[in-house]
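Now, the feature entries from TrEMBL:
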- B:16-55: DNA-binding region (DNA_BIND)
- B:Gly90, B:Ala91, B:Gly92, B:Asn93, B:Leu94, B:Gly95: NAD(+) binding site (BINDING)
- B:79-180: domain 'CoA-binding' (DOMAIN)
2 protein chains.
Amino acid sequence: MKIQKIPEASIMRLSVYSRHLAHLDQMGIVTTSSGEIAEGVGVSSAQVRKDLAYFGEFGTRGVGYNVKDLHHHILKILGLNNEWPIILIGAGNLGTALCLYRGFNERGFRIAGVFDNDIKKQGQMVGEITILPMEKLEQVIEEYEVKMGIVAVPSSFAQEIVNLMVKYGIKAIFNFAPRALSVPDDVELRNVDLAVNLEVLTFKLSI
Amino acid sequence: MKIQKIPEASIMRLSVYSRHLAHLDQMGIVTTSSGEIAEGVGVSSAQVRKDLAYFGEFGTRGVGYNVKDLHHHILKILGLNNEWPIILIGAGNLGTALCLYRGFNERGFRIAGVFDNDIKKQGQMVGEITILPMEKLEQVIEEYEVKMGIVAVPSSFAQEIVNLMVKYGIKAIFNFAPRALSVPDDVELRNVDLAVNLEVLTFKLSI
């Protein structure tokens, strides 16, 4: 398995396939085909086969895929056979929404701590989680062995926050601040800039 | 300019370059280079030149780019020389956060209406915007000539909502529901699944 060569888009599609497989499994369906998965998620069946082929042989020719097995395999590939504790920095509107976002919980992500430097927010609850001061960051990361963090702070604080997270051992960061951030080579950084996504749409509407 | 061949990643980077150029302009800087832009946003200077080359010749060899001109050009390419009214469906936690998200406003997006089918939410305010019932959707889209919409409803309602938006004339949809949605060929659909993004990170942490 040549990990380096697997396109990120394939990883994202695996994640989508796994939801569809969970759905099929819930409906009691035992076997499926690349065509059925493709139709369920809106890609071509060749794409499904290609994405799966990066990780070995799964199906049986003429029979298809066992739903439970394939679902389990994909979750394992994605590292989702374990729960992932995550920390979230910034308890503003976006941070609060992310903290309450059911989609994370459903996929095995657990918010281990929410942090904000605003004294008025500290001690308040977001759902069932208490907003903590930044001074507690190191302790929570250690206690829950957290490797992943979400940054939902204003752009001007983002690099400083990321430096702290890296210092305390965070290895993967999901950043919502619209700012280019730098991290060491052994830390994965993923940026989602919501306005940039809207601008891809305005570009397409404008041509 | 062969629009069809421009990669989406280039469009997204143009959006990022334009923010950096706005920043340079605010600091009173008149000319810049692909190298400076590259450093400012964390890509290679070859990448900057390649992305810009899709849209023609901008700089002067040996002199570089005029900051204001290039900024203006990019905004025009992205369709951001105009304000874009947008509607937002779903006033849950995520919808509320998106509605209050300053990043949209800063880039010329204006929320023309927020809609929710929950009677308890209707009439409540999100920032300065009143949550409206779905029955008002057609009227708001017509009145403000809205072409773009954001979907932040539970997955099970998403396709139904998208169908309504399309029916009333929406041409570009930014979807947060983790569900494959279908739209006609003349409607642009962009999906952002937040958990999928986290799973790209868990994949990388797991290998």
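Every residue, even glycine, has its Cβ placed from backbone N, Cα and C.
Whatever TrEMBL says is automated annotation, not expert-curated.
Overlay of TrEMBL annotations on the structure.
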residue	record	contacts (Cβ under 8 Å, 6+ apart)
B:Gly90	NAD(+) binding site	B:Phe115, B:Asp116, B:Val151, B:Ala152, B:Val153, B:Pro154, B:Ile161
B:Ala91	NAD(+) binding site	B:Cys99, B:Val114, B:Phe115, B:Asp116, B:Asp118, B:Lys121, B:Gln124, B:Val126, B:Ile131
B:Gly92	NAD(+) binding site	B:Asp116, B:Ala152, B:Val153, B:Pro154
B:Asn93	NAD(+) binding site	none
B:Leu94	NAD(+) binding site	B:Ala152, B:Phe176
B:Gly95	NAD(+) binding site	B:Leu88, B:Ile89, B:Val114, B:Asp116, B:Val126, B:Ile150, B:Ala152, B:Val153
Exercise. Quick one: DSSP breakdown of the domain 'CoA-binding' (B:79-180) into helix, strand and coil?
Worked result: 36 helix, 27 strand, 39 coil
Problem set entry | Tally of DSSP helical, extended and coil residues in the DNA-binding region (B:16-55) | 28 helix, 2 strand, 10 coil
